[in-house]
Amino acid sequence: MQSGASETNKLKYRRVLLKLSGEALMGGGQFGIDIPTCEQFARAIAEAREAGAEICLVIGGGNIFRGVAGAAKGMERAQADSMGMLATVMNALAMQSVLENLGVPTRVQSALNMDAICEPYIRRRAHRHMEKGRVVIFAAGIGNPFFTTDTGAALRAIEMNCDALLKGTQVDGVYTADPKLDATATRYHQVAYQEILAKDLKVMDSSAVSLMRDNNIPIVVFSLKEEGSLLNVLYGRGTSTTITKEGAEKP
């Protein structure tokens, strides 16, 4: 068992799903996978695992191909989404490699059967992997077009009985407006699912937020760029926004 297992009871969130965008893997680039950036994320995941957390991941594919963008350029949407799902498998395999280089046992499960390179998605097997301290990366969304990786992440978080869905982003939470465009924007400490949907705050797509609301699983939005931020979220500290049924006024 991990060396931090004795500290597990201090964690606010013990079993979590971490959602990363494909773009996050680009680092400072315009396309593809930046290995040093992946290594930074992997170190944060390894640190969280050592603290006793059980972690699964969903990674988008936008750094390689976005189905919506392909459809906008004239491709059939279902075909474009299938390409996007394949991009998420590439990202999952890259992250698996980086994690295993750090000594973190990792399994990739795909919603599309690719037996030569990863496991098929089997819910009970994924649960068992996590119980044994392995990191599980869910790839290929839910295996169907017209569903985003945000929705796939929400579904997997529910199926894995996660305590929270953690969304690692480029900003440190949810703001009243885009802080890059509006200097008066303020960050919410807590906010209700319904307010996210009503104000269309663009944290995740509406289907994902609705799934989280209906199953009463909190979403925590935080910046992965800050050292130790993932561990801080697991302990319920640091800078972030928590989305719950009740919500709260912004600070």
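Yeah, the Cβs are placed from backbone N, Cα and C, and that goes for glycine too.
Features reported for this protein in Swiss-Prot:
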type    : residues                                                                     : note
BINDING : Lys19, Leu20, Ser21, Gly22, Gly62, Arg66, Thr169, Gln170, Tyr175, Asp178     : ATP binding site
BINDING : Gly61, Asp81, Ile142, Gly143, Asn144, Pro145, Phe146, Phe147, Thr148, Thr149 : UMP binding site
Binding-site residues compared (Phe146, Tyr175) - the one with the fewest other Cβ atoms within 10 Å: Phe146
Distance, Thr148 (UMP binding site) to Tyr175 (ATP binding site) (CA atoms, angstrom): 22
Which binding-site residues sit within 10 Å of Ser21 (ATP binding site) - Cα, from Gly61, Asn144, Phe146: Gly61
Alpha-carbon spacing, Lys19 (ATP binding site) to Gly61 (UMP binding site), which is rounded to whole Å: 12
Cβ atoms near Asn144 (UMP binding site) (within 10 Å, other residues, all chains): 15
Site of maximum Cβ density within 10 Å, from binding-site residues Ser21, Gly61, Gly62, Thr169: Gly61
